[in-house]
């Protein structure tokens, strides 16, 4: 249950976007109301997009007045919307006086996928990611995570729905464990957004203890930012690998999907020219994943200022993919979307206060 810490700029009123179902039920019990009120309020907030208690006509006037006195519905403030030539949309959201995050909608055939951020910045320093350049400022609250979905859904036409959510935006979701889990529960709640567990995907760089914790409380889809077939190279690209090396990470992935192997882990692999894209890398990746229920998503690198990397040539990516497919690995190559509005994978940067000096060094304890 999310205990819903009160945001720093509201000392008395609870932001109801911070509450998953259990938290909302507990909130109503504290008010002396029946727990079923939680379902009513979740529908008003998440399905209808209502933030004015006065419009919630199936609640008594007395209850509406009490809610007004002790709580609020405060999504992040939308400060900028951009549309790409390919249909991708990016929303820049103000989450406090100095910080902004970005969320991206990727429309495709028969689906609308929303890429959601979990932190302001990121502490993991992956060398190919522009978000890592800005450092880390803070975790997002549950309200700020689910608020991205709230804003996006209610910016779409009435007949359109967000069909998939991927926690692949700014930040490492497993380093904001409680708030992320609470937000995913709201995503899947039938009285909120009603997404199936297969349509909610969490992408992690490999925080092994937190991945094991996730297996205990959730079974949403899992993606892993792998990007290299061996520890030496991954240590350079994804420094958290020095704490949780590939062998430990793959073992945790196998524990997550369970013994029946009915689901597959998606392994993300950014294609960097001359770095991790040679034929021997492809063959090593085949060997590495041979005993893990997996599929591979190859990601063409998206350049950003002062990056040391270049994207692999399309022919190189195609040959790499063919090697994996010939070995029986399900392999896809991600379409590059939203590059003209800096919304492509690895390009989200937002706005972080004093970004270089306030990098947060997390103690990743078991």
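Our numbering is plain: 1 for the first residue shown, then up by one each step along the chain.
Including glycine, each Cβ sits where the backbone N, Cα and C put it.
As written in Swiss-Prot, here are the features:
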type     : residues                          : note
ACT_SITE : 102                               : active site, proton acceptor
DOMAIN   : 108-340                           : domain 'Radical SAM core'
BINDING  : 122, 126, 129                     : [4Fe-4S] cluster binding site
BINDING  : 171, 172, 203, 225, 226, 227, 302 : S-adenosyl-L-methionine binding site
ACT_SITE : 345                               : active site, S-methylcysteine intermediate
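The S-adenosyl-L-methionine site in the record is lined by 171, 172, 203, 225, 226, 227, 302, and its two most distant CA atoms lie 19 Å apart. Distance from the CA of residue 129 ([4Fe-4S] cluster binding site) to the CA of residue 226 (S-adenosyl-L-methionine binding site) is 13 Å. It is 126, among the binding-site residues 122, 126, 129, 226, whose Cβ has the fewest other Cβ atoms within 10 Å in the structure shown. Distance from the CA of residue 129 ([4Fe-4S] cluster binding site) to the CA of residue 172 (S-adenosyl-L-methionine binding site) is 12 Å.
Spatially, by CA atoms, the recorded positions 102, 171, 203, 225, 302 include one closest to residue 122 ([4Fe-4S] cluster binding site), and that is 171. Counting every protein chain shown, the number of other Cβ atoms lying within 10 Å of the Cβ of residue 171 (S-adenosyl-L-methionine binding site) is 29. All chains included, 25 other C-beta atoms sit within 10 angstroms of the C-beta of residue 227 (S-adenosyl-L-methionine binding site). When the binding-site residues 203, 225, 227, 302 are compared by Cα distance to residue 129 ([4Fe-4S] cluster binding site), the shortest distance belongs to 302. Spatially close to residue 203 (S-adenosyl-L-methionine binding site) yet at least six residues away along the chain are 166, 167, 168, 173, 223, 224, 225, 268, judged by Cβ distances under 8 angstroms.
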